[in-house]
């Protein structure tokens, strides 16, 4: 393993000034060095040496196999480029280290997901508006903009006509240039280096300020980041535009061995380099068919294509399977050992940690709901797509089915010993797979036990996942969700075994009926699994989300906070008023631009 060492090393530049080294306590060495404060882009060697600032920390690796790794790319501007040092420089500079990615890995990975929201239990929930609200806002905004455009164009035409008439009276347009210079400030064409220097706020014209402000508009199309194939033509067009604009003041490029730059190279300098390695166009794969591209999606193999369309369902399946393996396994272990293998507190923590691991497994793909009550609550109050709800529930049930099967198979010998034979199966061990209220609990009490427990679960989840409240640190949400499950189990779970999750009950119950416990597992406690395990949990989840949104949440994605027509009209009026001012300034500049060029 190579260890970074601090040395005072001479530069490899032929310039005399570059041979100066940074004095340090350590010895000198002839190993290749690299700069940790300003890593240039992947350009030619001469330009890379020119762009290094002097008197900076130099770091060398003791291993000779790491020589010649200086030409690493700027990972912030071109993340698809890379090298060995792309992941190590951030460690040396004291910042968090990003994972290394091979230059061609991202392009070959056809499973890249587009920029879509993920309703994850391991991070803040996305803020998404309903289609009806977006269509209403877009329609009103389009109508207001059309009216504003007509008014602005009429004003611009009237000013243009008056300008032509005045220019005809006076053959010299100098007075117009002076008036515009007094109002908007003088315009001076700058070269590429001067244009990037900071300017005083007073020297920026009103038109430039208006152009720098972002335009506010509404669109029904989903936003996504452009691919490399789409970004390259824009870079070339931008580079050509800069070259034409500064052609008059451009100076010939000469070697600057004694000059160090503290800025990043401009677009023109980037394009002038011939050593930038671009991946071949043949292997560039579009993100997804859902991203709006007409190019067919490429897949590594046939299974990758199947997984691409069912990835969210598979994630819910696997996350729920892990949840049930830990939970049902702890139930069976405590039962067959007559309490020696676990207590009620250990069972609660087992279910909580199982839920935590399930969320970590599926959180970045499907959200890690692992619970139909949570999925339905998110669809009602957080705009989770309704067409995904049955898909999620289907995979959650079957994940619980196979999770119960794995736990049962693991404890099969102990269950047989506990029951007294391999053909004997009683509700004593069957109750470890599915839930049932205690015999003395009334049906009203049993129902409201599940109702209240799931309401607390969903209400606390909405609070934890609300980034406008006090969300946990990134990556810690799933751990807190696990603690929440354990706390509910220890405080509100004794009378009904804290179902809280319809899939967790139905999946193992189906397996119990299939393995030999018989249909009696469905008939227990007057078909408890229908009105208790499903009705009580789903109703409680909806109630918990309703209470949180009623008293705390203010986002417009909740049905309790839908914007009415009056709010939309006022908001659109504010936007169009700002739009009119910006368009008026831009049209005034366009009208007077030919006169300035004269």
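Note: Cβ is positioned from N, Cα and C throughout, glycine not excepted.
Marked as compositional bias 'Low complexity' by Swiss-Prot: 1-19, 147-165. Feature annotation from Swiss-Prot assigns compositional bias 'Polar residues' to 30-48, 218-242, 255-276. For 1-54, 139-176, 194-279, the entry in Swiss-Prot reads region 'Disordered'. Summarising the annotation, Swiss-Prot assigns topological domain 'Cytoplasmic' to 1-313, 368-388, 466-473, 554-598 and lists sequence analysis as the type of evidence. Look at Swiss-Prot and you will find 335-346, 410-444, 495-532 tagged as topological domain 'Extracellular'. Marked as transmembrane segment by Swiss-Prot on the basis of sequence analysis: 314-334, 347-367, 389-409, 445-465, 474-494, 533-553.
Of the candidate ranges 445-465, 474-494, 533-553, 474-494 has the most C-beta pairs within less than 8 angstroms of the transmembrane segment (347-367). DSSP assignment over the topological domain 'Extracellular' (410-444) gives 18 helix, 0 strand, 17 coil. Sequence-distant neighbours of the topological domain 'Cytoplasmic' (368-388) (same chain, 6+ residues past either end, Cβ-Cβ under 8 Å): 119-122, 125-126, 128-130, 312, 315-316, 319-320, 323, 355, 358-362, 396-397, 399, 454, 457-458, 461-462, 478, 500-504, 537-538, 540-542, 544-546, 549, 557-559. Taking Cβ pairs closer than 8 Å, the topological domain 'Extracellular' (410-444) reaches residues 328-329, 331-333, 335-337, 404, 494-499, 505, 508-509, 511-512, 515-517, 520-521, 524-526, 528-529, 532-533 in its own chain, all 6 or more past its ends. Note on the topological domain 'Extracellular' (335-346): residues 411, 414-415, 417-418, 428-429, 431-432, 489-490, 494 of its chain, located 6 or more positions outside it, place their CB under 8 angstroms from a CB of the stretch. Under 8 Å from some Cβ of the topological domain 'Cytoplasmic' (466-473) lie the Cβ atoms of residues 123-125, 480, 552-555, all in the same chain and six or more residues away from its ends.
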